[in-house]
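Residues or ranges marked as compositional bias 'Basic and acidic residues' by TrEMBL: 1-10, 125-164, 702-716. What TrEMBL lists as domain 'DEAD-box RNA helicase Q' is 192-220. The annotation domain 'Helicase ATP-binding' is assigned in TrEMBL to 223-430. The domain 'Helicase C-terminal' annotation in TrEMBL covers 482-640. Annotated region 'Disordered' per TrEMBL: 1-40, 69-170, 687-717, in sequence order. Under the heading motif 'Q motif', TrEMBL lists 192-220.
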Amino acid sequence: MGQKRARDPKAQVAEANKRKKAAKSDAASSDDYGSLGVDDLNWKEVAMPDRMDDAEGFFGLEEIEGVDIIKQGDGGVQFKAKAGKPTKSIIKPPSEDDGDEWAGFSDEDSSKKSPATEKTPAATEVKEDKKSKKDKKKEQNKTKKEEQNSKEQKPKEQKPKESKAAQSQSIKAGLSFAALDDVEEDDGVDVSAWDGLNLSPETFTALSKMKFSSPSAIQKASIPAILDGHDVVGKASTGSGKTLAFGIPIIEHYLDQRGKQEGQSDKSEKNKSPIALILSPTRELAHQLGKHIGELIANSPDTNARVALITGGMSIQKQQRQLATADIVIGTPGRVWEILSTGTGLIRKMQKIQFLVVDEADRLLSEGHFKEMEHILTALDKHQAGDIADMDEEEEEEEPSNRQTLVFSATFHKDLQQKLAGKSRWTSGEMLDNKESMEYLLKKLNFREEKPKFIDVNPESQMAVGLKEGIVECPAMEKDLYLYSVLLYYPKHRTLIFTNSISAVRRITQLLQALQLPVFALHSNMAQKARLRSIERFSSPTANPSSILVATDVAARGLDIKGVNCIIHYHVPRTADAYVHRSGRTARAGESGKSILICAPDEVVGVARLAGKIHSKKTKKAEDSNGPSKKIPLESLDIDRRVVARLRPRMSLAKRITDSTIAKEKVNTEDNWLRAAADDLGVEYDSDEFDQSKGRGRGRGGGRERREKEASELSKSEMAGLRAELKQLLSQRVNIGVSEKYLTAGRIDIDALLRGEGNDAFLGHLDPLTF
Ligand SMILES: Nc1ncnc2c1ncn2[C@@H]1O[C@H](COP(=O)(O)OP(=O)(O)OP(=O)(O)O)[C@@H](O)[C@H]1O
């Protein structure tokens, strides 16, 4: 059993007072500062408009007042408080940082600090107070761990672990507010299932607070391998906890290193190098990784690891400053390369990372990001090839980078998987010279081991265990109607609808808005802040439980939104991997969820092929026992025809309203553009004349243009009429079986009503969908 710490409340309060006094005198001496660097200043954020579209660099503009600029001989600049102003009025408060680290999806909260960085002195004291209440638990974990350490005696890990134990002892000795620690509070869970993973007491505490009672399969397999220093390629189904599979070892490494960094001066703190670079294919995913790892840090006692988020849509200048003090850098390849290539010495810092993580690796390594990934990987190893011209002698003598490479995804193309697993050898010569090939990038990853550890915890199925997959077949022109029907079948479901195009996202969002459903849009043409705001509104715990997000595949990968119950594929995904990742936004972390494909007759063949690929093992097993099958291995869902029939009038009104709104927007845009062009040319522009000339000599597509024109010509009062009619329909339940006779006679069939089983949309009995 762990020994309980003897506490002397008086002595601890005295100690806390002493520390407060010391802090005051530190503050008083801050006016002794001479000139200051840019990072020492207390910059204030300048409020900017929400939408600046392409003017990305101006998001997060900052200003400072009361400062004189002092030019240095070498061309650099320093800063000093203006005459008559105390220096402390311009310097950054000691515990405050730039505030760019993860701060939630909310725009309004952008000034708040991330959980990882909220550790102002006051916050730290409260945290320490809480921590002291957990001492007993921690002591137990620590003792367990020490026992385990002494049993395992791994020479490589023994030393840092011992120093961690010592650190944790010294942290406890410095607790403040311990005198208030009368009430035993326990909001954590038992985490003994993590025992075998050789984790620090800090991580145990964090896991307990986060209520992660046991490791997931990928965590159990990957964490020890990474802690042992191996390169790891990890494959596990969506939502199975891959982020912490690499996040925990990174924090463990940080804790090991912390002893060395403690006591170093503020300056060397700023010159420190990050320990990890985590690359992600999308901005949203990068933000989420930051949030998830930030939570681990925030819940881990006295762990102040700094996370820098390097993604597009935010200020480059701010991110550069963040990078200067970051421990963990998380970013998208485009922006990471944009910043590294500014030539401000950041590449050298990055070359010292201990971990390179490639998340959603199959996407990062094979499409879209090729050039930036190539640049980053080349830069990380440049000094190893000795080709940084301006390196000084000291650096040249440095050990070559010894980083670990961690590659994770739920899906790997067969070829990529085989190469990563070392099953298929690198083709020498020709292939490697082909600088456009995935193989070339893989080689550039520069694993430290000849063969990384390949960990595949779900070789049988890529789909999450709690996921049910269904298909709704419908006429091609009625997809909207069937989509609406499915949504009404599951009224209390948080639903994510995927489409294959941005225009479809826009149209379906407007359509569902017209039908008064709580719907938000997400696609890559939206401004970054609007993207984050949509996710925030859709996912917030206080959001309507029936919220709907309509998105392109920008939301398909990695996004971890709590409580998503249903995924609807409005368009059949283009690849099997996209289907796996889209569907993986539900049934996460052991929960259950539904994935429903809405499929027109001409899409059935494609769906069968797709499903066959995903469920190849299942299909093969079934065929082995029953002979060849043409059946799609997805459950067919029958929508009640009465429902479809009764919803048709609503849908046709909603469509007319939506088509008209979109057509009017289009005409306005076209009109504005043509007017501007005519102005430039100095000619007169007559929109009617233009419309008539457009109408002449049309062939195919003329019908659509005519319809669009008609839609755009609906008058305000006609639109108002349609809206009123729709409103009237929406105010009534959809009657699918209660006799009109009963209703008009005021004799409502209560039983029939009750049989609606809590689905307020319907009046009468509705057979639930089969799953
Ligand atoms: N050990 C655990 N116990 C319970 N929940 C966990 C555990 N580890 C992670 N989680 C939770 O599981 C959810 C999914 O985790 P994560 O986002 O890391 O999954 P993933 O495997 O990366 O998914 P994807 O492939 O979709 O990116 C998160 O909400 C996370 O908080």
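Quick reminder: no glycine exception, Cβ is built from N, Cα and C everywhere.
Taken residue by residue, the domain 'DEAD-box RNA helicase Q' (192-220) breaks down under DSSP into 19 helix, 0 strand, 10 coil. In the predicted model, residues of the domain 'Helicase C-terminal' (482-640) average a pLDDT of 88.
Secondary structure of the compositional bias 'Basic and acidic residues' (702-716) per DSSP (helix as H, G, I; strand as E, B; remaining residues coil): 12 helix, 0 strand, 3 coil.
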